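Asker: I have a structure I would like to understand better, so I am pasting it below and will then ask my questions one at a time.
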Amino acid sequence: MLDNLLGSFWSFTIDGLIVGAIYGLVALGYTMVYGVLRLINFAHSEVFMIGTMAAAFVVMTMGITQPLTGLALVGGLLLMLLVGGAASAGSAMLLERIAYRPLRKRGASRLAALISAIGASLFLQELFALVVIPWLFDRPQQGRNQMGVARIMDKDPLFTIGGAQVRVDQLIIFVAAIAMMILLDLLVNKTKIGRGIRATSQDPETAVLMGVDIDKIVRVTFLVGGLMAGLAGALFVLQFEVTKFSIGFLLGIKAFTAAVLGGIGNLRGALLGGLFLGLIENYGAAVFGSGWKDVIAFTVLILVLMFRPTGILGESLQQARA
Amino acid sequence: MRPKIARLGGVLAVGVALTVGLAACGSGDSGTASGGDGSAAPSTLKIGFMGDLSGENSGIVIPPSNGAQLAVDEYNATNPKVKIEMIKYDSRADATTAVSLAQKAIKDDKVVAMVGPAFSGESKQAVPVLEEGKIPNISASATNADLSKNGWKFWHRVVPNDGVQGPAVADFIAGTAGAKKVAVVDDKSEYGKGLGDAVRAQLKSKGVTMIDDALDPAAADYSSTVTKVAAAKPDALFFGGYYAAAGKLLKQLRDKGVTAKFFSADGSLDKGLVEGAGAAQAEGALIACPCRIPTEGETDETVKKFATDYKAKFGADPLIYATEGYDAMTAFTKAIAGGATTTDAINEAIGKSDFQGISKQVKFDPTGEPSAKSIYIYQVKDGKIGLLGDSATAKLG
């Protein structure tokens, strides 16, 4: 039990941080939309799925048979991130335009928007399973099967920490995720549009009176949240080399959990919650067996919320300095 | 207001038209194939095929469906007195759907026999319906050991059950593969855990040291399982579960430098395993199966001919359970060729079947289990799954 954790402590830690970084990136989308609209965007998990699909499509189109090296690899990775991010950002904005804005304009209750979100989530999953995957990947009748993605880079160990290997791809994922978070943090705190986002989340009515274009702010929020999910999707494909129409479901729940753990509406909280959840899951799995992974993750969520109902870093965009 | 009323009228009109049309179809149908009463000799009998034909695990149901279709076509080509029509029922591996489809098959389509249901879970729910309707059924792929303990009279299967498979794999791991320390991982499903436990029990009785773990097949990250296995350095690992999870697990194991021999069972016998793991990582993986799949280096002439015919007809290689689907349907065609046209007569005739099928000697014991109980071992070589041999005699190269 415990000796298992202690024996491979660094290995569990590294793996936990990698998956936690992906949770954190996806959690940003949940947290930003919640901060601005007070809406849990349940279709965000499908925005992530679309990012993985776009990245997988890039890898397929490149026709990779051997792992790439050097400049070709850098180009390939950038292309994956770019296309994944663009596809997810675009679909997130489209989602906002079709599924949420009409409701918002008519002053529908937040519950209606929530149902709309769940509906959009199911719709997108089935759309991909039945139409998009068979057509895009030329896999007739196999839209529901898991798809393997070719290996784009050699996964060589780079260095070791306490006996645990750190691979190139893991380092790329971690560094990329943290860099994205820092950029986003700067965007929200230092730019004019960021000020608009913060103002809208504090008090939408006053923000309008002060000349903030709410529609634009909402669009930007979905764009940025979608972009982060798309980048997470591309990194996910790089790491796990699989995707599927329902890949977003479990990961989406975990990311949402991470957002709540960190304090929903709080950007830094999303990252912190993601990393925390990734670590707890892996440590728990080490001690109690991997079958208990999800049980442990959600037990911790409940415990945290019992003692800190607003999450680790407190509630929202406006309260924390983020 | 007016357009709304007009639209409503339109909807009603279409509805009425549909209802009338369907009713007409229904009445037209019922005359042709009322095989149950046996008063006048029918010219066509309907036999169903039930399984997950479009869902997630359709990869292991479409081949037996094709196999069954091939058997029907070959039978009809002999120009028999009573022809057979095969009707497909897509249960999507959902027990509720399977039950309602079984009712539809009995009531509306009036089938005289059924190949399937394909999986164990749906069989538990749908077979009682078939039993009540006295429809003889043969599954080509349901391997849960408990199915034969229900006292069903019309149920049969042409594959040995998990109770046979588990111990046979464990014997192979501890015996032929000579593993002293084995990690056993399952996916917590009815199938995966059942099989995993069977392997664990047999390994334990052989005095093998074991490492235990379980994983969530829907998750992507198996690093905690992999780290645990890597630290223990076992000689072999057995995974009880389906190919999607098996592929992900195998890839992550190899990426972490775990070189233990990888074993899995019939749920993982699909090229999706190689795709999911990557050809390099999948190399050498061993997969057990109670099924007999024709491979490229096939030496058995009847199996070879089956593979050629199948490929000519469906444009694909006969994959998992294709031969079993063919054998299950052949048991029915032989019964009908022998003059049985009622469900009772067909059930009695298949109970007495004893013929050399493609997969094995087809013969059922009184509980519906097949008499032949060979487990085959397959191995991934150069990205392709090939037959290694019978688990009792196969040698690792």
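Sequential numbering from 1, following the chain as shown.
Placed from the backbone N, Cα and C atoms, the Cβ positions cover glycine too.
Taken from TrEMBL, the feature transmembrane segment applies to A:12-35, A:47-65, A:71-90, A:111-137, A:171-188, A:220-239, A:245-264, A:271-289, A:295-314.
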Asker: Should anything in the same chain at least six residues away from the transmembrane segment (A:47-65) have a Cβ under 8 Å from its Cβ atoms, list it; otherwise answer none.
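Answerer: Distant Cβ neighbours of the transmembrane segment (A:47-65) are 26, 29, 76, 79-81, 83-88, 91-92, 95, 124-125, 128, 132-133, 136-137, 147, 149-152, 225-226, 229-234, 236-238, 243, 245-248, 251-252, 255.
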Asker: Going along the chain, which residues at least six beyond the ends of the transmembrane segment (A:271-289) come within the CB cut-off of under 8 Å?
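Answerer: 1-2, 4-5, 8, 12-13, 15-28, 178, 181, 254-255, 257-263, 296-297, 300-301, 311-313.
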Asker: Check the transmembrane segment (A:111-137) against each of A:171-188, A:220-239, A:245-264, A:295-314 and return whichever range has the most CB pairs under 8 Å.
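Answerer: So the stretch in question is A:245-264.
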Asker: Where, among A:12-35, A:71-90, A:171-188, A:220-239, A:245-264, do we find the most CB pairs under 8 A to the transmembrane segment (A:295-314)?
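Answerer: Stretch with the highest Cβ contact count: A:245-264.
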Asker: Looking at the transmembrane segment (A:71-90) and the transmembrane segment (A:245-264), are there 3+ C-beta pairs under 8 A, with each pair at least 6 apart in sequence?
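Answerer: Not in contact, no.
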Asker: What parts of the chain pack near the transmembrane segment (A:220-239), using Cβ distances under 8 Å and only residues at least 6 beyond its ends?
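Answerer: Non-local partners: 18, 21-22, 25-26, 28-30, 32-33, 35-37, 41, 44, 47-56, 59, 77, 80-81, 83-93, 95-96, 149, 152-153, 169-170, 172-173, 176-177, 180, 184, 187, 193, 196-197, 247, 251.
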